[in-house]
Structures are given as structure tokens and as C-alpha cells.
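Novice: Please see the structure below; I have some questions.
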Amino acid sequence: MYEWLNALPKAELHLHLEGTLEPELLFALAERNQVKLPWADVETLRKAYAFNNLQEFLDLYYAGADVLRTEQDFYDLTWAYLQKCKAQNVIHVEPFFDPQTHTDRGIPFEVVLRGIQGALKDGEKQLGIRHGLILSFLRHLSEEEAFRTLDQAMPFRDAFVAVGLDSSEVGHPPSKFQRVFDRARAEGLLTVAHAGEEGPPEYIWEALDLLKVERIDHGVRAIEDERLMQRIIDEQIPLTVCPLSNTKLCVFDHMREHNILQMLERGVKVTVNSDDPAYFGGYVTENFQALYEHLGMTKEQAQRLAQNSLDARLV
Ligand code: ADE
Ligand code: ZN
């Protein structure tokens, strides 16, 4: 089944580039940039990938990103991901990057962007993978800081298709960023947002009504609100679901309890994505494989999920 799933043409719509930083590359970049790491070796770092919730993961994810310093580092990170895509027949990607994770450490915005963009362009030319880049705001930071990041991005407006919202969800509702998203939309950018991962269904309503998102990232808690479910089905609002992430971060206790196929059968436009594959144990095909192994996903369901990902592209 793995080979069959791997060969399905698919798009990846929920992927944090910083979350593709494999321990081996992390150590190589630390050496290249002479960054001292708190972990003795790759194995020790991998052992630290045991999380009870989103915040425990984010703490490690932001610590790991500290090895990314130069344009070449961001190029190498993105290029390694695109090669994975090629191997898994991912033909279209709409990755996120978190500029604030880097600018707050003194890395210029354009250094980050040029590295990522260079690899995405080479990926299109050399690997035939199409892309649309999404600038994501860190929701644990202030509205003012998000505005500043949007200002930094505007000279490079054409590099992006959309803005997104990620990081610590609970306590940072979409409404906090309504004005930032209004400004982004006025600039012609589309919008997406993480909502209903750990946060309540109300956050999904806010993402739809206030941020006017095209897709909901995660959205698995929508199932707790029947009126919301009806809206998502009626309007065919895509959910970018990340099964391995959800089990690694204890959103579901076990893959057997994941609701993605239940949603699919109710007519929700759900898609399968890897979120932060270096941290959660696999890329897109491994996420599909987990649904086959633990939820009995059929080939017909896998085809529908893959088709949904292609239909839910922004570009
Ligand atoms: N940043 C990287 N991965 C994330 C996730 N799953 N939720 C929120 N923010 C993130
Ligand atoms: Zn995410």
C-alpha cells in the first residue's frame, strides 16, 4: 500500500518549512555556523521529540530554528524538503514560513526569503514542483509585531500568495489579528489560519468570519459544533489536516481516534498534510500510510483525499 499511496499525485497545503529541519541537517548547520547546541548528538535530539501538547513542541521547534542563519541555510532547508516531495509525488506545495522566528534573532527578512524563494524556483525548474508561499504570523506575539512583519514583507509582495497564523493557539484567537489580515487582504493577499487544533470551535468561526480565510489549518475540533460542520460542508471550506502531528501533540490519544475519515464521509473537504515532518515522524505519504494502518482508509478514500488537496490549492 505504501508504494501505491506514494505514487498518488498530491499537493501539500500545510507544511512549516522550519518543521522540515531534520536532526542531521540541524547538526550540520550548527557546525557550519558554529552554533553551540544543547543536545550531544542527533540521537539525543531525536529522543527529545516526545511532546504532551503543542507548546512543548513549539519550544523545541523555535530552539532548533536557531541554526538557520544564512541565505544558503534557508535554501538547503527548502531544497531538502522539495526533494522529499519529488520522492513522494507531491506535485504542488504551499508551505508556510515564520519570518518573526528569524527576524527576532537578527536575521534580515530578505535573507530568509531569498533562500526559500531560490529553492522554490529551482524546485519548479528542476523538479517540476509548483508552489505558493505563505507568510505566517506568530500569534503569541502582538498585533503590532505582526503589522511590522507585514510592512517588511510588502517590498516582496509578489513572493507570497497568502498570509497565515500559527504558533500557540489557546489564548490567541484569530480576532487578535483581524486588522492585520484586513490590511493583507487589501494588498491582494489571500488568507488562511490555524484554528481548532487545540483551540475551540469559536476560533474556527472567527477565522472564517473575521479573517475571511480560504482554508482552515487543522480544524479537527469543528466536529464539536454541528452548525459549524454544516457550514464547512455547505461552503466546502477545505481543512488541512495533519494526522501524525495531531497524535504526536496529543490532540488525539491514538490514530485510531482520529476523525479525518469521519469528516471525509460527511462531505468535508479534508486534506492530508505533514505539518512539521522532521518532528512528527513522517512526510505526506507516511501520514496517508498511518490512516491506512490505523483507520482502514481505502484506496478510494485515499484518492478522494489526494484530489481534495489538488482542488484546495490557492494557486
Ligand atoms: N507551528 C509549527 N507547527 C505548528 C502547529 N502544528 N500549530 C501551530 N503552530 C505551528
Ligand atoms: Zn501547522
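Numbering starts at 1 and runs along the chain as it is shown here.
Backbone N, Cα and C define each Cβ position, glycine as well.
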Novice: Going by the Zn(2+) site in TrEMBL, where His14, His16, His194 are listed, which of the candidates Asp104, Asp122, Asp275 is also part of it?
Specialist: Asp275
Novice: If you count Cβ atoms within 10 Å of each one, which of the recorded positions Glu197, Asp275, Asp276 comes out on top?
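Specialist: Going through Glu197, Asp275, Asp276 one by one, the largest Cβ count within 10 Å is at Asp275.
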Novice: Between C-alpha atoms, which of these recorded positions comes nearest to Asp276 (substrate binding site): His14, His194, Glu197, His218?
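Specialist: Closest by Cα: His14.
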Novice: For Zn(2+), what surrounds His14, His16, His194, Asp275 with a Cβ no more than 8 Å from their Cβ centroid?
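Specialist: Here the non-site neighbours turn out to be Leu15, Gly19, Phe96, Asp166, Asp217, His218, Thr240, Cys242, Ser245, Asn273, Asp276.
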Novice: List the recorded positions His16, His218, Asp276 whose Cβ sits under 6 Å from any atom of ligand 1, in sequence order.
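Specialist: Going through His16, His218, Asp276 in sequence order, those close to ligand 1 turn out to be His16, Asp276.
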